[in-house]
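Student: Relevant sequence annotations retrieved from TrEMBL are reproduced here:
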REGION    1-36  region 'Disordered'
COMPBIAS  17-36  compositional bias 'Basic and acidic residues'
TRANSMEM  53-74  transmembrane segment
TRANSMEM  117-139  transmembrane segment
DOMAIN    125-244  domain 'VTT'
TRANSMEM  224-247  transmembrane segment
TRANSMEM  259-278  transmembrane segment
Amino acid sequence: MASTRNIVGGETTTGNERGRVLAMRDEEKAKEDDSPSAKRAKFERFPLTRWELAAALGVFFVFSSGLFCIYLTMPAAEYGKLKLPRTISDLRLLKDSLATYANEYPAQFILGYCSTYIFMQTFMIPGTIFMSLLAGALFGVVRGIFLVVFNATAGASSCFFLSKLIGRPLVNWLWPEKLRFFQAEIAKRREKLLNYMLFLRVTPTLPNLFINLASPIVDIPFHIFFLATLLGLIPASYITVRAGLALGDLKSVKDLYDFKTLSVLFIIGSISIFPTLLKRKRIYE
């Protein structure tokens, strides 16, 4: 039986030839779907490549293993009562459980506390504010501030280098507009960058999580990032640690930063950028 013939675009084709044409089109379409641009479009919702994801998981595994080994070397305790607090009530229970342990094994407890705090800060795990309150409740103001500032700075520095390794696509994915704004502000303040970073650390203008992740992406030098973090976190740490002394009177984390407290932080932050404003005024004059 003769094959049927069709007229396509002015040309006569048989049924078999038409099938071959359609097959070739399907193959070309499959190649386009497998192209790098098509793959990027498919996976644009997840910003990390396989290698970046593997690197992040590798760093997380190393930190987790180190933290686990530290806990294995610590004296026995009621581990069933140890959990990351999520509310003020949880924190009160944890403080009561750890008070005796901290007095009997101060060195081991501080090692475990610091490791946990730095781990949480590095991998952006919520709850470090409860750790800061716990420092005030267990160690008092002076030692509490020292511990909180040390751990927060160490954790932020670790987060800085982690973001330098794999953070660019993640931050571009999560906060594209905020990153562009931050990059523009940094570009305008290169000469007095430390003052501006101090202002950001003292005041809640930008979240600390965003600052930790975005700083290496906008080319903030590490020494400026480190100094601004070390000095800029002291006022907020003092407020939090001092609140930990009166943990029984605290109802919610929101009570820590009322209008009066925020006003004080913005005044302190404004002092840090005053030299920059003064220089601008002289230039305009």
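Here the Cβ of each residue, glycine as well, is placed from N, Cα and C on the backbone.
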Student: In terms of Cβ proximity under 8 Å, which residues at least six beyond the ends of the transmembrane segment (117-139) contact it?
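Tutor: For the transmembrane segment (117-139), the far contacts come to 60, 63-64, 67, 84-86, 90-91, 94-95, 98-99, 102, 147-148, 151-152, 154-156, 158-159, 162, 209, 212-213, 237, 240-245, 247, 250, 253, 256.
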Student: Count up the helix, strand and coil residues in the domain 'VTT' (125-244) according to DSSP, in that order.
Tutor: 99 helix, 0 strand, 21 coil
Student: Which value does the mean pLDDT take for the domain 'VTT' (125-244) in this predicted structure?
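Tutor: That stretch averages a pLDDT of 93.
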